[in-house]
Amino acid sequence: MTKKDVKWIRQNRDTIFFVLAGFVLFILLLVLYLTGFYRSIDSFMASFVLTIRSPFLTTILLLISNLIGTYFLAIPLFLIILLLKFRHRLSELPAIIVSLVAVNGFGFSLKTFFHRMRPVFDLVTETGYSFPSMHTYNGVMIYGILILILKRYYPSSWYRNGAIVLFVILMFLTGFSRIYLSVHYTSDVLTGFALGLISLGVLSYFMKKR
């Protein structure tokens with residue numbers, strides 16, 4: 001491996017990490033699908049969340065889920081714009097917008113193709129098909145973008161690192177909330193994570209080039 005190769009890897013480590021993590025998860029999901037074991041996981045998690053439901057937990061997870069929903073999505077998107085503006089990096093915004101539009105177009109195309117029905121014990125009413133989880137897909141993208149902006153353009157500090165940890169937690173809780181609310185199966189959510197990580201890696205590469 002040459003010095004040029006090492007330099008390229010260091011410069012694109014975010015891209016490499018996200019894409020590899022996404023592909024590893026995708027391969028795992030493919031194995032689960034081919035063996036049929038995904039049904040057991042879906043069934044187990046669907047039963048498990050019924051045992052831990054409580055009014056308090058439902059309120060918290062519904063709020064977290066709604067942050068990536070239609071009515072509250074403007075909040076994290078506004079935060080992305082604000083963080084970019086403070087560092088004079090609004091030139092990144094077109095690539096981010098294009099990627100989010102492409103992600104949603106691709107995700108809803110998959111929903112239409114697979115026609116998977118949603119679970120029946122849902123706590124909230126959702127329309128459309130179940131596979132993949134678009135809340136999870138968008139959650140990985142949006143919180144991942146916030147993490148990339150903080151990591152690349154803001155100096156290390158306790159509040160920057162704390163915000164990164166918070167966004168990672170929100171990313172995972174967004175996925176879990178969709179299982180908890182019984183609007184998605186676990187395999188829907190894991191697929192959303194895999195697609196989100198790969199898409200985030202691709203966006204990360206193009207953001208780096210600007």
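Backbone N, Cα and C atoms are what each Cβ position is placed from, and that goes for glycine too.
Predicted, not measured: the structure shown is a model, and the values here were computed from it.
Taken verbatim from TrEMBL:
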TRANSMEM  16-36  transmembrane segment
TRANSMEM  56-84  transmembrane segment
DOMAIN    94-204  domain 'Phosphatidic acid phosphatase type 2/haloperoxidase'
TRANSMEM  96-114  transmembrane segment
TRANSMEM  134-150  transmembrane segment
TRANSMEM  162-183  transmembrane segment
TRANSMEM  189-207  transmembrane segment
(request) Flag the pair the transmembrane segment (189-207) / the transmembrane segment (56-84) as in contact if three or more Cβ pairs fall under 8 Å (sequence separation 6 or more). (result) no
(request) Answer with yes or no whether the transmembrane segment (16-36) touches the transmembrane segment (162-183) by the criterion of at least three Cβ pairs under 8 A, sequence separation 6 or more. (result) no
(message) At a threshold of under 8 Å on Cβ distances, which of 16-36, 56-84, 96-114 pairs most often with the transmembrane segment (134-150)?
(response) 56-84
